[in-house]
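Chemist: Sending over a structure as structure tokens; questions will come in a sec.
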Amino acid sequence: MDLGVLLRSLIPSLQSVYVLVSYFVYLAVAGELLPGKVIRGVVLSDGSQLRYRCNGLFALTLLVAILGISAKLGIVSPLVVADRGLELLSATFIFCVLVTLVLYISGRSSSDKTSSLKPHVSGNLVHDWWFGIQLNPQFLSIDLKFFFVRAGMMGWLLINLSILAKSVQDDSLSQSMILYQIFCALYILDYFVHEEYMTSTWDIIAERLGFMLVFGDLLWIPFTFSIQACNCVFDNEPGWWLLHNKVQLTVPAIVANCFVFLIGYMVFRGANKQKHIFKKNPKTPIWGKPPVVVGGKLLASGYWGIARHCNYLGDLMLALSFSLPCGISSPVPYFYPIYLLILLIWRERRDEVRCAEKYKEIWAEYLRLVPYRILPYVY
Ligand code: NDP
């Protein structure tokens, strides 16, 4: 693609700003007003617990219904995202920079002493802006961390649906596109069905809200996880990868692809569910047997007895299954699984350090019982 054209298509138009702002306003209003299970977060170091209204599935279903009806009535074009991908990407990037500057300034000036809002200032501007200053900053009583991750996951589905609409319009709907769309839609819907599990994940409990997390949630998740379907930068013209690349899949390849997805899903969801249930009630049977517990705190049976992060293994298999429909002619659609592999290995190392500090000899005993990190007998 010509550099001039690329740069011009990165300048956000008023329409893309309008799309983005409307999206955030909808999510804020829906998040506050729609009914949903209210979940208590993990106990923070000062003994406090945040509350999260898990109504993401309702908010997403309603949004897709509203957009579908509006598209039918000609009020909204279903191609608005697919056609304005680069503009929306740059508008989102600008938003991430602005919002994290505000978070930096408000965090620095906070005198709050609670675990959620206590400022952690290193004095290094770039470090504090990148990693964030406060654990759970809020705006109009909305928990921003929970809000941004929700916006990113829904945004990923909306991008995919818009690309789907474009491929239908272009008469280029392929088996690969259908497989990719089904796998991602199931993964994203499943995320919202189990949204409450998010409240005990590393991002929510351990990471402060800075540019790294905001950018990761709002831009990285929706725009790069959809690279299989899209390829804005590397293609000859702005467009989407599967829209511009024909892939012929054999029946065994499709079956194998579905298999990778299903096994990945089973391991990913099973492992996360076992840990979540264990944290709520450490006596709940795992795979029909009483759980093996180390020091009364760590689960060492089920998936957590096979490897210390089987949930990462499942997630990696799922990520691979999203890329396999694109065949192996190009490395570009494999961006997401490769990135996730690097991220999860890095994260697993950081989590080990945190757990070793927190659980001390209990953790050492767990390491003896479960020697593998992610992939049994390999890593
Ligand atoms: P985990 O859900 O694995 O949480 C790690 C924490 O769980 C530890 O800090 C510890 O916290 C607790 N823990 C660890 N081992 C045990 C055990 N044996 N028994 C009981 N508790 C234990 O990690 P993440 O939050 O990183 O990931 C959650 C999910 O999100 C994963 O499936 C991951 O794949 C996915 N993910 C996806 C990303 C993507 O980009 N697609 C990015 C990041 C994550 P505590 O101190 O509370 O005990």
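Glycine too: its Cβ is placed from the backbone N, Cα and C atoms.
Pulled from TrEMBL, these are the listed features:
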- 16-35: transmembrane segment (TRANSMEM)
- 56-76: transmembrane segment (TRANSMEM)
- 88-106: transmembrane segment (TRANSMEM)
- 147-165: transmembrane segment (TRANSMEM)
- 177-193: transmembrane segment (TRANSMEM)
- 205-227: transmembrane segment (TRANSMEM)
- 247-268: transmembrane segment (TRANSMEM)
- 288-306: transmembrane segment (TRANSMEM)
- 318-346: transmembrane segment (TRANSMEM)
Chemist: What stretch of 88-106, 147-165, 177-193 shows the most Cβ pairs under 8 Å to the transmembrane segment (16-35)?
Modeler: 147-165
Chemist: Cβ pairs under 8 Å with the transmembrane segment (318-346): which stretch of 88-106, 177-193, 247-268, 288-306 has the most?
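Modeler: Stretch with the highest Cβ contact count: 247-268.
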Chemist: Any chance the transmembrane segment (205-227) and the transmembrane segment (147-165) are in contact, meaning at least three CB pairs closer than 8 A with a sequence separation of 6+?
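Modeler: Yes, these stretches are in contact.
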Chemist: State the non-local partners of the transmembrane segment (56-76) in its own chain: residues 6+ outside its ends, Cβ under 8 Å from one of its Cβ atoms.
Modeler: 26-27, 30-31, 34-36, 150, 153-154, 157-158, 161, 165, 188-189, 191-193, 195
Chemist: Which residues of the same chain, at least 6 past either end of the transmembrane segment (288-306), have a Cβ under 8 Å from a Cβ in it?
Modeler: 267, 270-271, 274-275, 278, 282, 359, 361-363, 365-366, 369-370, 372, 376
Chemist: Please give the sequence-distant neighbours of the transmembrane segment (88-106): residues at least 6 beyond its ends with Cβ less than 8 Å from one of its Cβ atoms.
Modeler: 10-12, 16-17, 19-20, 81, 125, 128-129, 132-134, 137, 144, 209-211, 214-215, 218-219, 223, 232
